[in-house]
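Since the structure comes first, as structure tokens, the remarks are kept for the end.
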Amino acid sequence: MSTFLQDNGDLSAVLVKFAPFAVAVIAILAAWKFTGSSKPRKVLNPSEFQNFVLKEKTDISHNVAIYRFALPRPTDILGLPIGQHISLAATIEGQPKEVVRSYTPISSDNEAGYFDLLVKAYPQGNISKYLTTLKIGDTLKVRGPKGAMVYTPNMCRHIGMIAGGTGITPMLQIIKAIIRNRPRNGGNDTTKIDLIFANVNEEDILLRDELEKLAKEDDGFRIFYVLNNPPPGWNGGFGFVTAEMIKEHLPAPAKDVKILLCGPPPMVSAMKKATESLGYTKARPVSKLEDQVFCF
């Protein structure tokens, strides 16, 4: 009996001695299982709005800023398919009901823990003006994803894009996804991209540095700028985007070609007519994924 007690006493001493090490090993294994084997959590909900906290604001100009909103966990992702957008909602003084508008983040699911919105504040823009009133720590109501466009690698051979002003945001999302998935980066996307980007003044060209960096590193992406009020010595287009510019700088109509449009309504309307006159399939009032001319 005494031998049994002695043996158990020795065993207890061993357990006490090595217990901290066992706890540490278990903790490490648990952490590995949580961070190494689990997929990032997608937080968007298409059926209900959720509140996200503004964590950072970066002013780009007097009326343009990038708003960074935190996701609940640093490992969370928005869960937004490439080509889709989100709805923002706010109660605005003087409006009879909640105002809802669509925006495309300039960040992607490759960046965890937050999402970025590039917003230009228009005098008549309810949501854009509302965003300028937000302070760090304030919340914004967001729902999604939504939209008919879901980009997949090599869905067509060549994409032509026409963007005006903040209409560059869905284009940038797709451009970055294509370049990120090039063969040299371990992917398989060989889609060519040509972009016509229209603005009023040269200083209005949003995300210009990022766009030109992408064009410099990728020979499958080209940009043609168009300005209403070009400065002296400007070597891009001037005035409004014309059918002649589209013919010169975008891919010709073909089954494996898609044209994407996003910008102010008058511009999009004019571009629908211009593309149709050049032989592209007539754009529908509400675009579908399979359309040759797709309007965001």
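Placed from the backbone N, Cα and C atoms, the Cβ positions cover glycine too.
What Swiss-Prot records for this protein:
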TRANSMEM  11-31  transmembrane segment
DOMAIN    47-152  domain 'FAD-binding FR-type'
BINDING   132-147, 158-195  FAD binding site
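Helix first, then strand, then coil: DSSP counts for the domain 'FAD-binding FR-type' (47-152) stand at 7 helix, 44 strand, 55 coil. Listed in sequence order, Met171, Leu195, Ile196, Phe197, Ala198, Leu261, Cys262, Gly263 are the same-chain residues six or more apart from Ala163 (FAD binding site) with CB atoms under 8 A from its CB. In the three-state DSSP scheme, Pro170 (FAD binding site) falls into the helix class.
Mean pLDDT, taken over the domain 'FAD-binding FR-type' (47-152), works out to 95 on the 0 to 100 scale. Around the Cβ of Thr139 (FAD binding site), 13 further Cβ atoms fall within 10 Å across all displayed protein chains.
The most crowded of the binding-site residues listed here (Lys146, Arg184) is Lys146, judged by how many other CB atoms sit within 10 Å of its own CB. In the three-state DSSP scheme, Ala177 (FAD binding site) is classed as helix.
In sequence order, Ala65, Ala121 are the residues near Thr132 (FAD binding site), counting only same-chain partners six or more apart with C-beta under 8 A. The number of other Cβ atoms within 10 Å of the Cβ belonging to Pro170 (FAD binding site), over all protein chains shown, comes to 28. In the structure as shown, the Cβ atom of Thr191 (FAD binding site) sits within 10 Å of 23 other Cβ atoms. Of all Cβ atoms in the protein chains displayed, 21 besides its own lie within 10 Å of the Cβ of Ala177 (FAD binding site).
In this structure, Ala163 (FAD binding site) is part of a beta strand by DSSP.
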